[in-house]
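S.K.: So that we are looking at the same thing, I have put the structure below in structure tokens.
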Amino acid sequence: MNRTPSPVDPCDFVIFGGTGDLAARKLLPALYLRDRDGQLAGATRIIGVAKAGLDDAGYRNTVRAGLARHVEPDLLDSDVVDRFLSRLRFVSVDLTEPSDYAAVGDVLTSPDGGSGHDIRVFYLACAPALFGPICGALGAQGLVTESSRVVLEKPIGRDLASAQQINEAVGAVFAEHQIFRIDHYLGKESVQQLLVTRFGNTWLEPLWNSSRIDHVQITAAESLGVGARGDYYDQSGALRDMLQNHLLQVLCLVAMEPPTHVNRESVRDEKRKVLEALEPLTAEQTQRDTVTGQYGPGLVGDEVVGSYREEVADPHSRTETFVAVKAHIRNWRWAGVPFYLRTGKRMSQRFSEIVVQFKPVPLPMFPGIEGTSEPNRLIISLQPDEAIRLEMTAKEPGSGGRLRPVSLALNYTEAFPERSPDAYERLLMDVVRGDPTLFMRRDEVEAAWAWAEPILRHWQDADRVPRTYPAGTDGPVDAATLIERDGRRWHGGAA
């Protein structure tokens, strides 16, 4: 079935950091693909803003080369590329110099803007320290209209205090309903499907609690190193970069109560309640229930790779590239159910998944049949493939057949072979529509930091040194110990 996307209203899409890595890899390809599918209005313009000394033609040449690198060849159409490039403008601005922003205003109010540009999307694809100054300069230049939106990339700050400072600075210019704090994990089809699976099927909800669920695992593993992001990453680490935002947002969708409606406020209200119910970790619990690691040299696939310290050119760096945490939620539904979270770079393979493992049957009923009865698991794969599968026990055909685990699976690519928008494509169109349902609200961000920041502080107080793990493995040995001491094991990975 061919699904035609609903067109969005004309807008000016302004990307601060328009020549950066995020714009080249994610934002501009996503906007091109929405143009390819006819979702961008004819008058929509895309304005790159950066310090680079480019004019419109130079920027278009740069973006053309970027599309060739980052868009699948069969999705590149020369006519669409030309149409897309014709939308582009470039403004050379020193983002730290407020007076430079007058040039942005000149482009926004230029005659080629037409009359349909009340909607202005300001995408801040730059360092969080610039969020406040950029918004302040936009406000001072009178460029923020009632229909404007601002998009903030994670992480929002380095800790609770800096997150609050950013939120205050941005909130002084934009109303909360205009602020879109993006987490691209929430735009993944399988993450959204989790809500439908939970709340659209009557059989699952009675099982979704501590009486039936043994534990939950949330994993985001990457096989790549830090690459060009070394300067940023060495000041952040895995907890700030991934766990405090991506993994906690996924945890919220797994653990939240049914919202009154699936709308912009109800879903976010329930996510906030989960974050506020996370049990704070004491110094002793942090020592016992968290693991940090840093990758050393090793073999990823067939490639010999160097260590993290070699990549960031700092032989003494103590930044964690791996973190695992055992967390608990203090409410009736989840009391006693551990949530195991882990994320790392230079792991054995790239995959992200949610594993909900159910408790075993109370009494084995088939002692005379060979084979094993594995626990039931609901596995939601987020990447590289998006899929949902239910693992259960079945008997092989024949009299005396063995017991073995089987899967009931929904693979999105197989079930829906037509191409669907990726996470950034979906979320960018939600921004233009003004729908913040899948974006983080201020209170969510600050609640997440309120839980995560003490962990960072306990590590610092204990002078925690990340354990080295070989690149191409599943992290430090301590990560396996964290879950195996509870009689459980990690799902996925090289094992």
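For all residues, glycine too, the Cβ spot is worked out from N, Cα and C.
Feature list, courtesy of Swiss-Prot:
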- D94, L95, K154: NADP(+) binding site (BINDING)
- H184, K188, E222, D241, K345: substrate binding site (BINDING)
- H246: active site, proton acceptor (ACT_SITE)
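Buried or exposed, and what's around them? Tell me for each listed feature.
M.R.: D94 (NADP(+) binding site) is surrounded by 11 other CB atoms, counting those within 10 A of its CB over all protein chains shown.
In the three-state DSSP scheme, K345 (substrate binding site) falls into the coil class.
In the three-state DSSP scheme, H246 (active site, proton acceptor) falls into the helix class.
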S.K.: Going by Cα-Cα distance, pick out whichever of the recorded positions D94, K154, H246 is nearest to K188 (substrate binding site).
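M.R.: So, of the listed recorded positions, the one sitting closest to K188 (substrate binding site) is H246.
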S.K.: Per DSSP, to which secondary structure element type does E222 (substrate binding site) belong, with helix, strand and coil as the options?
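M.R.: For E222 (substrate binding site) - judged by DSSP and reduced to three states - the answer is coil.
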S.K.: Per DSSP, D241 (substrate binding site) is which: helix, strand or coil?
M.R.: helix
S.K.: What is the Cβ neighbour count of H184 (substrate binding site) at a 10 Å cut-off, with all protein chains included?
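M.R.: That number is 19.
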S.K.: Are there any residues in the same chain, six or more apart in sequence, whose C-beta is under 8 angstroms from the C-beta of K345 (substrate binding site), and if so which?
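M.R.: Listed in sequence order: E222, L224, G225, V226, A238, Y295, Y308, T321, F322.
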S.K.: What does DSSP say about H184 (substrate binding site): helix, strand or coil?
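M.R.: In the DSSP reduction, H184 (substrate binding site) maps to helix.
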